[in-house]
Amino acid sequence: MAHIYRPKHHVRFVTASSLFDGHDASINIMRRILQASGAEVIHLGHNRSVEEIVNAAIQEDVQGIAVSSYQGGHMEFFKYMYDLLQERGASHIRIYGGGGGVIIPREIKELHEYGIARIFSPEDGRRLGLQGMINVMLEECDFPTVTVVTDELERLPSGDVQAIARLITLCEYRAEGENKEAAAAAEAAIEQVKALEKRVPVLGITGTGGAGKSSLTDELVRRFLNEIPDIKIAILSVDPTKQKTGGALLGDRIRMNSINSPRVYMRSLATRHSRTELSPAIRDAISVVKAAGFDLVIIETSGIGQGDAAITEVCDVSMYVMTSEFGAPTQLEKIDMIDYADLIVINKFERKGSEDAKRQVQKQYQRSHQLFDRDVSEMPVYGTIASQFNDPGTNTLFVALVDTINKKAGTNWKTSLKTVANVEKHNVIIPNERRYYLREIAETVRSYHRRAEQQVEVARRLFQIEGAIEAAKERGEAEDVIRALETLKADYEAKLTPESKRILATWEETKAKYAAKQFVTKVRDKEIVTELTTKTLSGLDIPKVVLPKFKDYGEILRWVYKENVPGSFPYTAGVFPFKRQGEDPKRQFAGEGTPERTNRRFHYLCKEDKAKRLSTAFDSVTLYGEDPDYRPDIFGKVGESGVSVCTLDDMKKLYKGFDLCDPLTSVSMTINGPAPILLAMFMNTAIDQQVEKKEAELGRPLTPEEYEQVKEWTLQTVRGTVQADILKEDQGQNTCIFSTDFALKMMGDIQEYFIKHRVRNYYSVSISGYHIAEAGANPITQLAFTLANGFTYVEYYLSRGMHIDDFAPNLSFFFSNGLDPEYSVIGRVARRIWAIVMREKYGANERSQKLKYHIQTSGRSLHAQEIDFNDIRTTLQALLAIYDNCNSLHTNAYDEAITTPTEESVRRAMAIQLIITKEFGLTKNENPLQGSFIIEELTDLVEEAVLQEFERLNDRGGVLGAMEMQYQRGKIQDESLYYETKKHTGELPIIGVNTFLNPNPPSEDELNNIQLARATYEEKETQIRNLREFQERNKDKAGPALERLKQVATSGGNIFEELMETVKVASLGQITRALYEVGGQYRRNM
């Protein structure tokens, strides 16, 4: 067991992932170990700007900041953070960081010299281990932030943030009495603070754990800021201390979107030794913020039990937050806060039974307060859905809250918000009556297999009876014996279903077809002739598809029901009869710097290919829906790890020279949060391209009617995929930017637009497990969560009135391939489950039953140590994907562990695929996995494990209910920690990383000389200049266009249809900000 350093002082850390960076797996592991080692951790989550991190660190009076940065731009990010701390007089706060192999030794050295306390490298991780790195951080930060009072009291009345923070820390020292020197200084200071106190209302918010107090607090703060001019708010948020370790997770900040305002101060406090829901320093802390000139103090407690009501002793107005899940009505009689609270909130009011719960609470409140002369409906009990943007129930609560504060505290605040009698969910994703869909799906698959197995037993008996008849005839048995057997045979034949009879009747014909020289198939009324054998150098004919040599009817049925030939239900071996000739599944990502630079890379990648299969990686600024800017933490990320695209002009430059409507051209875009905006830019690019061709052909501008014809033809012809999978973003990758319901609404709008305009060749979503795997999930979890997400989209689109066969063909999937054994069958299991469910449960047609998926080799399996070995891993993963008949494949470059791929590394990655498909002999056969005992066993094992995961998700309220409970994220993080622990202990051997180590490791100079693909300063400047030129050119049109977009969104219209127009005159960042106003920002979860 590793030694754990236990700090002598209360060490506090702010932890986060850097701006435009969703890779939070490692920082979550770090913050967990920090807590377990005794630190108080204020976790901000992913995608945090330097400004947000520094503000939080100063307000929280921490000793250290720990940030992970995996998306490039780290030099600017960390230096800017250091500079900002110096500028704001907080030079004592130490900065720690890490980014795997992305931050190379010379950059680490430069950052250390600049003043960053420590940037941990993969070598540090190997040498020190996870706990060892945490020990270094704790030991270096084990000091008090304040011991004496200097000029804090003079700076306090002006609201100086550092003065407030330091004085609250002194309040904590005073309450504990452990630091005698600090406690004495605090004693004197607090007496002076009390003399400066003003009369300020204090709102206390308390409630059960998990009731949504932080989200509700954030929504109330947003309304206070919007409704009451110039109001200044202080929030004191309390979370429990772990008595065993002394550590605490102070997690309320992560839920707050409204606090990044100069009018808001927030401080997180741990309960430490108080043994209640409040910090022992809470009264003194309230005095400090009152003296600092705030107009409202909000106290949010940790989760409480039935008998807790301490909040009422320190506030003027108290609010109790609960949900409908309190058990029997008699339980309400035990809740002290119902006796004391001024306002009671039933949050998460969309849940079943909330209306009944509200009435029960109203009755209990009426009894507790002896208000029998008033109608029960007048009791101050309010239903809210705080997670819903601009929730009418929260508006009604806010109006009542302002009225209560005015009455009890003598304020004269006004609000223009309207009240409602009934609270409803605006955009219901899964209707209540469909909430058990995942359990139904699991049962559908098992039922199919049970029926198949029953048919197998019938067919086997039939085969045995036929054999007995034949044997009896050969021996010359009596006619009555043979008649009895014939009768028995007829009985068993009658038990066969028509489908089973058809399979058996056509089996020999099927075998004959595949034994022929050629095979003719039809795809969309077009005949395709396929040669069925390939001659080896030795002169043997290798068949494309091999069928089993079964004679037993039972074995034939089992094989067809569970496996079947590629292109036939249940599509276990593949959704098409044969691979497409002349178009390998090869697809290579590109994305770096400016659109012009990436365009050149695209042309380089496919210069020798007839088929142009382009996959686009966007930089993190684009992934988060923002525009390039000179601010250092943004500037450093522009064009790093992807291409910068923020206008329609950029999109046109990106695909210049490619005919986007050529049947051999296909474009995939890896974009999620702002996907509707980028997709609108892409579709406009394709349309404008065809319009220009048509106008050149005609020698004149098109008429409006001709333009519409070209537009419709383009939409129906263009091929490609946009990722746009918002569920997996919340669960794993974290590039969510809009509130989840609003983001899903836009996904549905895209699909409705596709149906209306008959977009048949473009996938509206790529339901992705890749990023779930990259965040740390094992292969079974990846597959289960991804398929569950897919079925959730199916249920949502059906609830919007779309027909299954109108949208299912627009759904595609995306998986990772690692080296675990389960990856050998990930495609087989996915195809079989999808096909069975689509046919048996949803009544979908053949096209809708076919699950098509892209594979990318595992990025997580690429290691910064011995990077040359990565190509070996990638080769094995690519081989698995090709054996399993994936529809499209991207092979990672070996140097992606440390940089955006270079031309040399990309060429090697492409060669891996080419060698497998062109040189490796067994790939001439297209069903090499069929007939393998281990593959069949693994397929069944993985399928059942996936169905069990569906049931676990179902029991938590389906995919969305589980997301609310953080089930998926928690499971992914647990599996990530398990993997990392095994890797660090060496139990999981990783060649070149923890075993078979290089006896002559590369020197620091050699590591520093590795070629890195980075965007240049000039490229970043070019993007900003181009953006501003676009905005200037459209300055008169952008405002009205954005207003129209907001109007469509608020009126429930099709947002994507309007975006097709908006993108012509507004930039990505402008559109994103407009949509935030009407749809709300994503709220991070712990």
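Quick reminder: no glycine exception, Cβ is built from N, Cα and C everywhere.
From the candidate list N810, N817, N1085, the residue Swiss-Prot records in the GTP site shared with G210, A211, G212, K213, S214, S215, R255, N347, K348, F349, E350, E964 is N1085.
Between the candidates E172, E176, E300, Swiss-Prot assigns the Mg(2+) 1 site shared with S214, D252 to E300. The substrate site in Swiss-Prot is built from F578, R613, R719, Y763, R847, K852 plus one of S644, S812, S816, S888, namely S812. The binding residues for GTP are recorded as G210, A211, G212, K213, S214, S215, R255, N347, K348, F349, E350, E964, N1085; their greatest pairwise CA distance is 20 Å. Among the binding-site residues G212, S214, R255, K348, the residue whose Cα lies closest in space to that of D239 (Mg(2+) 2 binding site) is S214. Comparing Cα positions, T301 (Mg(2+) 2 binding site) lies closest to G210 out of the binding-site residues H23, G210, R255, K348. Confidence across the domain 'B12-binding' (10-140), taken as the mean pLDDT and rounded to a whole number, stands at 95.
For V238 (Mg(2+) 2 binding site), the Cβ neighbour count at a 10 Å cut-off comes to 27, with all displayed protein chains included. Comparing CA positions across the binding-site residues H23, V238, D252, E300, the one lying closest to N1085 (GTP binding site) turns out to be D252. Each residue contributes its Cα atom, and for H23 (adenosylcob(III)alamin binding site) and G212 (GTP binding site) those atoms are 25 Å apart.
Among the binding-site residues V238, D252, E300, the ones whose Cα sits within 10 Å of the Cα of S214 (GTP binding site) are D252, E300, in sequence order. Of all the binding-site residues listed here (G210, G212), the one with the fewest other CB atoms within 10 A of its own CB is G210. In this structure, the C-alpha atom of E300 (Mg(2+) 2 binding site) lies 18 angstrom from that of K348 (GTP binding site).
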